[in-house]
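Q: Next up is a structure, given as structure tokens.
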Ligand SMILES: Nc1nc2c([nH]c(=O)n2[C@H]2C[C@H](O)[C@@H](COP(=O)(O)OP(=O)(O)OP(=O)(O)O)O2)c(=O)[nH]1
């Protein structure tokens with residue numbers, strides 16, 4: 001097959017827009033070892049066989065941040081084509097109900113007030129969710 005004919009893989013990914021009492025959002029920096037290194041993202045990951053998006057988020061946040069979340073409403077559904085992969089990203093609002101988030105896999109975690117979210121370099125698929133937050137949606 002010639003290079004330009006190769007069909008890109010599509011992955012289904014869920015991201016948690018975790019907010020706290022001060023209306024700050026928990027932002028996670030992808031580490032240099034991850035794909036899409038050094039971009040900020042909403043913590044989460046790929047959906048596994050038989051999982052619904054809420055189950056994926058609870059599992060991934062346990063694995064990546066070591067805490068428990070409650071998942072609320074869906075925010076955005078985005079199809080983004082990267083050079084090697086197509087990401088179908090769903091983002092959901094969520095809140096921590098048990099434990100303190102710790103960066104087990106990410107390079108850094110930080111709580112950022114919504115109005116300052118634009119100052120981070122976000123993974124391109126996350127931009128529509130960031131814009132919706134900035135608009136107060
Ligand atoms: N988790 C997450 N991934 C995102 C976001 N935006 C975005 O483009 N992505 C991309 C990066 C990756 O290509 C893919 C998710 O992969 P991942 O590495 O986080 O998922 P995972 O932990 O289940 O995967 P893996 O380590 O088993 O490969 O989606 C986002 O906000 N959160």
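Each Cβ is built from the backbone N, Cα and C atoms, and glycine gets one as well.
Look at TrEMBL and you will find 30, 41, 42, 43, 44 tagged as 8-oxo-dGTP binding site. Residues or ranges marked as Mg(2+) binding site by TrEMBL: 44, 64. If you look up TrEMBL, you'll see 9-134 marked as domain 'Nudix hydrolase'.
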Q: Quick test of your reading of the structure: among the binding-site residues 30, 41, 42, 64, whose CB sits under 6 A from ligand 1?
A: 41, 42
Q: Long-range same-chain neighbours of residue 64 (Mg(2+) binding site), Cβ under 8 Å, sequence gap at least 6?
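A: Once residues fewer than 6 apart are set aside, residue 64 (Mg(2+) binding site) is near 28, 43, 44, 45, 103, 104, 105, 106.
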Q: Tell me the residue counts in helix, strand and coil for the domain 'Nudix hydrolase' (9-134), as DSSP assigns them.
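A: DSSP composition of the domain 'Nudix hydrolase' (9-134): 30 helix, 57 strand, 39 coil.
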Q: With Cβ-Cβ distance below 8 Å and at least 6 positions apart along the chain, what are the contacts of residue 30 (8-oxo-dGTP binding site)? List them in sequence order.
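A: Once residues fewer than 6 apart are set aside, residue 30 (8-oxo-dGTP binding site) is near 36, 37, 38, 39, 40, 41, 106, 107, 123.
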Q: Can you list the residues of the same chain, besides 30, 41, 42, 43, 44, whose Cβ falls within 8 Å of the 8-oxo-dGTP site's Cβ centroid?
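A: Here the non-site neighbours turn out to be 15, 16, 28, 40, 45, 64, 106, 123, 126.
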Q: If you draw a 10 Å sphere around the Cβ of residue 41 (8-oxo-dGTP binding site), how many other Cβ atoms fall inside it, taking every protein chain shown into account?
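A: Around residue 41 (8-oxo-dGTP binding site), other Cβ atoms within 10 Å: 22.
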